[in-house]
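Shown next, in C-alpha cells, is the structure this report addresses.
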Amino acid sequence: MSATKVRRLGTDSPPSRASKLLQNRWAGLAGLLVALLAPFVDATPYALSVMTSAAIAVMLAAGLNIVVGYCGLLDLGYVAFFAVGAYTSGVLATRLELPLLATVPAVIVVTVVAGIVIGAPTLRLRSDYLAIVTLGFGEIIRITANNLDVTGGPSGIYGIPHLVEGPVAFYYLTVVVVSLAVLGAARLGRSRLGRAWRFVREDEDAAEAMGVHTYRVKLAAYVAGAVWGGLAGVLFAAHLSAISPGSFTFLSSALVLMAVVLGGMGSTPGVVVGAVVISVLPEILRDLADYRFFLFGVLLIAFMLLRPQGLWPARSKEVP
Amino acid sequence: MTQLIWNGLFVGSFYALVALGYSMVYGIIKLLNFAHGDLYMLGAFAGFAILGAVGGVSSAMALPLLLAVLLATMVVTGLAGVTLERIAYRPLRRAPRLSLLITAVGASFALEYGMRAVAGADPRVYPVRLGGTSFEVLGARITPQQLVLIGVAVLLMAGLNLLVTRTREGRAMRAIALDPRTSALMGIDVNAVISRAFFVGSALAGAAGVMAGAYYGKIDFMMGFLIGLKAFTAAVIGGIGNIPGTMLGGLLLGLLESFGTFWLGGEWRDVFAFGVLILFLTVRPTGLLGERVTERV
Amino acid sequence: MSLLSVDDLRLSFGGLVAIDGLSFSVGEAEIVSVIGPNGAGKTSAFNCVTGFYRPTSGRITLRGRDLPGLRPSAIAGLGVARTFQNLRLFGELSVLDNVRAGSHLWLRQSVLDALLHTPRYRRSERECTEQAHHWLDFVGLRGDRYGQARALPYGEQRRTEIARALARRPDLLLLDEPAAGLNHGEKAEMLDLIRRIQALGVAIVLIEHDMGLVMEVSERVVVLNFGREIADGRPEDVRRDPAVIEAYLGGDPAVLEESAPEETVLEEQTAGQDSAGKGDSAKADSAGGDAHA
C-alpha cells in the first residue's frame with residue numbers, strides 16, 4: 001500500500017526539475033496518467049477510498065487556491081462551501097429522492113448564493129478581519145447543520161445514492177471531474193479575470209487605479225472558490241454516502257489551506273501535489289497519528305519562514 | 001433578568017481579559033495573533049501542572065494558593081508568547097500580511113495539537129475548585145468564587161490600563177502603534193517593546209485560562225479555539241486596539257450572548273455571537289470606541 | 001471646454017486641512033504641473049481627482065462629468081490613468097503582466113472564453129500581449145520583460161509604471177514625481193518621454209520637484225503651499241511671482257532656476273509632513289475601498 005503512495009509522490013517531480021516540466025503540458029498529463037494507472041497498482045477498497053479522497057482534496061485545494069493563491073484572500077472557513085455543496089445534494093437526493101446528478105444545478109446555484117452572501121459583507125474588510133470572519137462563517141454553517149432537522153442534526157444524512165456503481169468507476173469519474181476542475185481553475189488563472197485577481201493580491205490601490213473593480217473581482221474569486229468547493233462536496237457525499245457536521249470542522253478548512261500553502265500558493269501543480277501529500281501522508285504515517293496535526297502546524301510555520309513559495313512554486317518568470 | 005445580566009457580565013469579563021491581549025498586539029503591530037486563544041489554553045494547562053506539582057491543599061488555603069499559581073502561570077504563558085513572537089512572527093514582520101496570518105494559524109495548530117500529544121485528548125479535571133455558598137443580590141444568584149474571579153479580572157485590567165496610559169513603557173507602545181519607523185529613530189527599542197507587549201498580553205490570557213479552569217473545573221486542548229474567536233469578536237465590538245473599548249466589548253458580548261442564549265436557545269449561542277461579529281464588521285468596523293480614521297492612500 | 005476642471009477643491013482629515021481651495025483646469029493634450037513644497041497637498045489633489053480620497057467640498061469634472069463619489073476604477077474607466085509617488089508596481093508579477101493591467105478595461109473576454117479557450121480568448125490574449133510589448137517599447141524599457149517587476153532597477157520600474165498607465169490608453173495621465181530618484185541622463189529621457197506622450201494626444205498633470213523639468217515641459221504651472229493655491233500661470237510668470245519665491249525658502253529666486261540642490265533642502269524643511277505622507281500609502285489597504293464605496 002504505502003509503496004504505491006511513495007511511487008505516486010515520486011512521479012510528482014522535485015521542484016528543481018519543475019520549471020523545465022512546467023514549460024509544457026507534460027506535467028499535467030503525467031499527473032493524470034499516474035492517477036489513471038494507480039488502481040492497476042493497488043485496487044483494494046481501502047486504497048481506492050484513499051485515492052478518491054485524495055482526488056477530492058485536490059479539487060478543494062484547486063478551489064481554495066483561487067481565493068488564497070490567486071487573489072490573496074485568506075479564507076479560514078473554506079470547508080463551509082464544501083459543506084453547503086454536500087448538504088444541498090445530500091438533502092435533495094434523500095428527501096426528494098432525486099438522482100445525485102440532478103442535484104448538481106441546485107448545488108451550483110446554492111453555492112453561488114452562499115459565496116455572495118458570505119463574501120458581500122466581508123470582502124470590504126481588511127484581509128486579517130476577513131480571515132476571522134470566514135472562520136466564523138465556517139462555524140456558523142457547521143453549527144447550523146448540527147442544529148437543524150432537515151440536515152439530520154448531529155448524526156447527519158445517511159443513504160445518499162451513488163453517482164455511479166462500484167468504487168472503481170466512481171474513482172475514475174472523480175479523477176475526470178477533478179482534472180477538469182483543476183484545468184478550469186488554471187485557465188481562469190491565466191485569463192483577464194485571473195490577472196485581475198493577482199493585481200488585487202499584489203496591490204489593491206494600483207489595481208483600482210488601472211480600472212479593476214477590486215470588490216467585484218474579489219467577489220468573483222470567492223464565488224468561483226465556492227462553486228469548486230460545492231462540487232467537491234457532491235463528490236464527497238457520493239463517495240461516503242453519509243455526511244455529518246463532524247466532517248466540516250475548522251480542522252478540514254485548515255488542512256485544505258495547508259495543502260495550498262505546502263504545495264505553493266498560486267501554483268496549479270503545487271496545490272495538486274500539496275493536496276495529495278496532505279491526504280496521503282497521514283495514511284503512511286499511521287504511527288505518528290498523535291503528532292500529525294502538531295507536525296502540520298509546525299510545517300505551516302516552517303514553510304512560511306523558510307520556503308513561502310511552497311514545494312512547487314508558481315513560476316516567477318514568464319515563458320515567452 | 002438580573003441573573004442574565006450577571007451571567008453576561010461574568011462571562012464577559014473572561015472575554016475581556018483574553019480580548020485585551022488580542023487588542024494590544026493588534027494595536028501595536030497590526031498582527032492578528034491567531035494563537036492567542038491557545039495561550040489561554042496553555043495557561044489553563046500550566047496552572048493545572050503547577051497545582052499538580054504542589055499537591056493537595058486544604059480548601060481554606062485554596063484561594064491564596066490559586067493566586068500564587070495564577071502569577072506563576074502568567075509568567076509561563078507570558079514567556080510562551082514572547083517565544084512565539086520571536087520564532088514565528090518577528091522574522092515575518094516585513095513579509096506580506098498573508099504569510100503572517102498563515103504562520104499564526106500554524107502556531108495555533110502546533111499549540112493545540114502539541115498539547116494534545118502531551119496531555120491527551122480527554123478533558124482534565126482541575127484539582128482545585130473554589131467553594132463557598134451562593135447568595136442573592138437583586139434576584140441574581142452570585143457565588144463568592146464569581147466575585148473573586150471578577151475582582152481579579154478587574155484588577156488585571158486596571159493594571160494594564162495604567163501601564164498603557166501612564167508609564168514610559170505604555171507611551172513607547174503607543175508610539176510604535178502610530179509609526180514603528182519613527183519610533184525606532186527616536187530611540188525606542190521596537191523589538192523589546194513588542195516582546196514585552198506579547199508578554200503582557202499572553203500573561204493576561206494565561207490568567208484567564210487558570211481562572212476558567214478553577215471555575216468550570218474542566219480543561220481540554222481545544223478550549224482556546226472558541227474563546228479566541230469570541231475574544232476577537234469582543235475586541236472588534238469595542239474597537240480593536242483600544243483598551244477601554246476592548247473591555248467594554250468583552251462585557252457587551254457577554255451580555256449579548258447571555259440574552260441571545262435566553263431567547264434563541266443554547267445551541268445557537270455561538271452562531272449568535274458570530275452574527276454579532278459580522279454585523280459589527282460590516283456596519284461599524286472601527287467598533288464602539290475606535291476612532292473613525294479617514295483612510296488615506 | 002477643458003478636459004479636467006478642478007473648482008475650489010477642499011480636503012481635510014479631521015482637523016487637518018490638506019487642500020484649501022484649489023482650482024485649475026487642464027485642456028486636451030495639455031501639460032500642467034503642480035508644484036509646491038512637500039506636504040503642500042499635491043498628492044492629495046491627485047488622490048481626489050482619481051477617486052482615492054473624497055473631497056470635503058468643491059467640484060472635479062472630467063469633460064463635464066462629476067468625479068467625486070466614483071470609485072477609482074470607475075474614474076479610470078472614464079479615461080484617467082495615474083502613477084504613484086512611491087512606485088506601486090505588482091512586484092511579484094512579470095513586467096509584461098504589469099503592463100497587461102492597463103488592458104483590463106478594454107480587453108473583451110468572458111469567463112467562458114477563458115474556460116473553453118475560444119478563438120476570442122486567444123485573439124484577445126495575443127492583442128493584450130502585443131499592446132504590452134508596444135508600450136514597453138514606447139517607454140524604452142531595457143530590462144527583462146519576462147522577469148518579475150521588482151527585479152528591475154529603479155529607473156526601469158518608473159518606466160514600467162508609465163507603460164502600465166499608457167496601456168490604459170488614457171486621455172488624462174497623472175504623473176506623481178516621475179523623475180524622483182532618477183539620475184541626470186534618465187531625467188533627460190523622462191523629459192523626452194513626457195513630450196512623446198503629449199504628442200499622442202494625452203493630457204498630463206505632473207507633480208514634480210525638479211524645476212528644470214517642470215519649466216521645460218509645462219504649459220502651465222500651479223503652485224501650492226500649505227494646501228493653498230498661490231499661483232497659476234505660464235512657467236516664466238510663475239518663476240517671477242513674489243509669492244512663489246517667498247514660499248520657496250523665503251525669497252531666493254535662484255531656487256526656481258536650478259533643480260538639484262533645493263530639492264534636498266525642501267525635503268528637510270518639511271520632513272515631518274513628508275513622513276506622514278509616506279505612511280499614507282502603507283495604510284492604503286481595503287479600507288480605502290470603504291472610503292469610496
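One-based numbering along the chain as shown.
Every residue, even glycine, has its Cβ placed from backbone N, Cα and C.
These features come from TrEMBL:
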TRANSMEM  B:6-27  transmembrane segment
TRANSMEM  B:39-57  transmembrane segment
TRANSMEM  B:63-84  transmembrane segment
TRANSMEM  B:96-115  transmembrane segment
TRANSMEM  B:147-164  transmembrane segment
TRANSMEM  B:193-215  transmembrane segment
TRANSMEM  B:221-240  transmembrane segment
TRANSMEM  B:247-265  transmembrane segment
TRANSMEM  B:271-290  transmembrane segment
Original post:
Cβ pairs under 8 Å with the transmembrane segment (B:193-215): which stretch of B:39-57, B:63-84, B:96-115, B:147-164, B:247-265 has the most?
Top reply: B:63-84
Subject >> Long-range environment of the transmembrane segment (B:39-57) - Cβ separation under 8 angstroms, sequence gap at least 6 >> reply: 18, 21, 65, 69-70, 72-74, 76-77, 80-81, 84, 111-112, 115, 119, 124, 126-128, 202, 205-210, 212-214, 219, 221-224, 227-228
Original post:
Do the transmembrane segment (B:147-164) and the transmembrane segment (B:6-27) come together with 3 or more C-beta pairs under 8 Å, pairs six or more apart in sequence?
Top reply: yes
Original post:
Of the stretches B:6-27, B:63-84, B:221-240, B:271-290, which racks up the most C-beta pairs under 8 Å with the transmembrane segment (B:96-115)?
Top reply: B:221-240
Original post:
Against which stretches of its own chain does the transmembrane segment (B:221-240) lie, if we need a Cβ under 8 Å and a gap of at least six residues from its ends?
Top reply: 12, 14-16, 18-19, 21-23, 26-27, 32, 34-42, 44-45, 108, 111-113, 115-116, 119, 121, 208-209, 212, 246-250, 252-253, 270, 273-274, 276-277, 280-281, 285-291
